[in-house]
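What Swiss-Prot annotates here:
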SIGNAL    1-24  signal peptide
DISULFID  Cys35-Cys76  disulfide bond
DISULFID  Cys45-Cys60  disulfide bond
DISULFID  Cys61-Cys103  disulfide bond
DISULFID  Cys74-Cys112  disulfide bond
CARBOHYD  Asn92  N-linked glycosylation site
CARBOHYD  Asn136  N-linked glycosylation site
REGION    139-173  region 'Disordered'
COMPBIAS  139-163  compositional bias 'Low complexity'
COMPBIAS  164-173  compositional bias 'Polar residues'
CARBOHYD  Asn164  N-linked glycosylation site
LIPID     Asn176  GPI-anchor amidated asparagine
Amino acid sequence: MESRKINLMATAIALIVVAMVVAAADDKTKDKEECTEQLVGMATCLPYVQGQAKSPTPDCCSGLKQVLNSNKKCLCVIIQDRNDPDLGLQINVSLALALPSVCHAAADVTKCPALLHLDPNSPDAQVFYQLAKGLNKTGPASAPTGSSPGPISISPTSGSDDGNNSGRTTSVPGRNHAQSFYKQWLGLEVVFHFFVIFYIFILV
């Protein structure tokens, strides 16, 4: 009997862990889908962040400021998933981190862990802190030039990292409500699984 109870509890705990992992993966996917628009809007920044241009163009800086004004999290997503094969990009992280300073746009990558809902002590969060320290030591690069290269075509994949529509991003109220509902649902799911364990422990 005791062995059966232990097995049931282990199964219930495993179900909760799986549910939480799936929920976390869904949250990251939502971040990627939400920021697909911003990646396309910052297409003119690619030559700079890939190390092919000495300075960003005015169009790049304009697109960056629109992103930071509408959703600061998206710059964090780009940096976090810089090595994602779905992006098909080779991004120089140091240049990407220096971009806000070069474009005279306010951005603080040390806030990325909070924006991405990361544990401050997790390896992913520490990456942002270490990158910020390295940026403070090296300093920003040159200011944007007046010349602008031709438009760059990007074909983001579904679930791709950071950006899908036209670069002019706006906050969509319906999306915010959906995210709020999702978080509430996740909380209720955790409570439900807690009571499942409680029931097994007390009544079985």
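Glycine residues also receive a Cβ, built from the backbone N, Cα and C atoms like all the rest.
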Listed recorded positions among Cys35, Cys74, Cys76, Asn92, Cys112 whose Cα sits within 10 Å of Cys60 (disulfide bond): none
Rounded inter-Cα distance in Å - Cys76 (disulfide bond), Cys112 (disulfide bond): 5
Cα separation, Cys61 (disulfide bond) to Asn92 (N-linked glycosylation site) (Å, whole number): 17
Other C-beta atoms that fall within 10 angstroms of the C-beta of Cys61 (disulfide bond): 23
Pairwise CA distance, Cys112 (disulfide bond) versus Cys35 (disulfide bond), rounded so that it is a whole Å: 14
Candidates Cys45, Cys61, Cys74, Cys103, namely the disulfide-bonded residues, that fall within 10 Å of Cys35 (disulfide bond) by Cα distance: Cys74
By Cα-Cα distance, the member of disulfide-bonded residues Cys61, Cys74, Cys103 nearest Cys45 (disulfide bond): Cys61
Protein Cβ atoms within 10 Å of Cys76 (disulfide bond), excluding its own: 23
Disulfide-bonded residues (Cys45, Cys103, Cys112), the one with most neighbouring Cβ atoms at 10 Å: Cys45
Cα separation, Cys74 (disulfide bond) to Cys103 (disulfide bond) (Å, whole number): 17
Distance [Cα-Cα, Å, rounded] between Cys74 (disulfide bond) and Cys61 (disulfide bond): 15
Other CB atoms within 10 A, centred on Asn92 (N-linked glycosylation site): 14
